[in-house]
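Record features (TrEMBL):
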- 64-83: transmembrane segment (TRANSMEM)
- 95-117: transmembrane segment (TRANSMEM)
- 137-159: transmembrane segment (TRANSMEM)
- 171-191: transmembrane segment (TRANSMEM)
- 197-221: transmembrane segment (TRANSMEM)
- 323-343: transmembrane segment (TRANSMEM)
- 355-372: transmembrane segment (TRANSMEM)
- 379-404: transmembrane segment (TRANSMEM)
- 410-429: transmembrane segment (TRANSMEM)
Amino acid sequence: MKRFKRTESLDAMAKKGYIQYLALPIFFEQFLQLLVGNIDQLMISSYSAEAVAAVGNSNQISSLVIITFSFLCTAATVLISQYRGYGDAKKEHQMYALSFSLNLAIGIVVSSALLFLNEPIFRAMNLPEESMASAHSYMSIVGGTMFVQMLFLTFAAFLRSNTMMKESMMISIAVNLLNTVGNLLFINGYLGMPALGATGAALATMISRILGLAAIIIVYCKKVGIPFLPHHLRPFPGVQLKKLLSLALPGACEPLSYNLAQVVILSFINVFGLAAVNTQIYCNLFVQLSYIYTRALSQASQVVVGRLIGAGRKEDGERTMSHVIRTAVLTSFCITVAVFFLARPLFSLFTENPEILALGTTILGIDIIRGFPRSFNLIFVNALHTAGDVVVPVAIAICSGWIISVAGGYLVGVVLNMGLIGIWVAVTVDETVRATIMYTRWRSGRWKKRNLVED
């Protein structure tokens, strides 16, 4: 296969600051997606505390599905980027078709499971009985149409592979606005609409996601226009499927394990009572604000480093990651400190409960310490995955998460009766152990021996 020259483009990508430039629209897109996913929390908080717990537990399950599934999209982004860097248009087109078909099939299966099995899942999570009906209604709607969000993420990955971050960001803005309007109409019943509470929040989320999917498909067709037709899968690209799964499945095991662990941890917290549950829900929202830019840097670096590695410029990829981690740590620290000092006004957006205000402020103080290792994990785990070094980082993350976060959290939080604070201390220790190992592995350079683009 002839390798097309993309030297000028790659030189520009290797320059300091290019990843930060790419990361900005990803940051705004994910910030708006965070609002779409959590604006329900803000607007439902005026409805009832029970509804907050219902939506919060539901969103934990949704996050488990979406973040795990996103690794299929991430793997597609990596391979499409590397095939573009390598100059193999045929395999690039096959990857579009393969990703779309696989993601659609998985989306339908997952949606069916969330529609019919959500109630026993909530009972296994020890969800307070007073929140059960609202949680069932919310998840039946949002979970039952989860395939829509999965397809949206698929097309967003396609745009990202072509460095079209701004387009998906603008669509996310529109989705966020639509979701907000829908919440105003359906949660508390404005303009003559019935007050539906959690069910109304679910309807608003579903409608906005469907319209967002339609919009991003139109943008893809106009801006990228690479077709993925049945003939692209004949003969079936088994080698490409194997590469996609070899990146996605081990990579997905990590977020699957992590988010499943979060579900188990939330089941511990549910036992502490409604105040602890809602504190955890609000803190998770604020903490996501503190690392969302780091996650955007990580995703932007996958595109750039993927192309550099695909073109054989691994030293440039390594230097690029050194710039990225410095930016990630600095921005994460500044944001976590700002969130801590703004804790009381932030919590006041949702509640005036003094127990939640005091406990939540303490938790956000712990998160300042946690922010440092979290930045290293977000950056270097994705960098190792991009280079094809997947299995060992995943195994370490799974073992550390369940031994330290889950078992340690149960010991410190439940057995030693330190409650929510004890659980956050255990999670911080887990994050620190994993960050030390991931950084050491990246610096060892073992990933340079791997090659994803050559058969």
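Our numbering is plain: 1 for the first residue shown, then up by one each step along the chain.
Every residue, even glycine, has its Cβ placed from backbone N, Cα and C.
The recorded stretches the transmembrane segment (323-343) and the transmembrane segment (197-221) do not share 3+ CB pairs below 8 A when only pairs 6 or more apart in sequence are counted, and are therefore not in contact. The list of residues near the transmembrane segment (64-83) in space but at least 6 beyond its ends in sequence, with Cβ under 8 angstroms from a Cβ of it, reads 89, 91-92, 95-96, 99, 102-103, 106-107, 110, 114, 143, 146, 149-150, 153-154, 156-158, 160-161, 240, 243-245, 247-248, 251-252, 254-256, 258-260, 262-263, 299, 302-303, 306-307, 309-310, 382, 385-386, 452-453. Across the candidate stretches 137-159, 355-372, 410-429, the maximum count of CB pairs under 8 A to the transmembrane segment (197-221) is reached by 137-159. Counting same-chain residues at least six beyond the ends of the transmembrane segment (355-372), those with a Cβ under 8 angstroms from any Cβ of the stretch are 275-276, 278-279, 282-283, 286-287, 290-291, 329, 332-333, 335-337, 339-340, 343-344, 347-348, 420-421, 424-425, 427-428, 431-432, 435.
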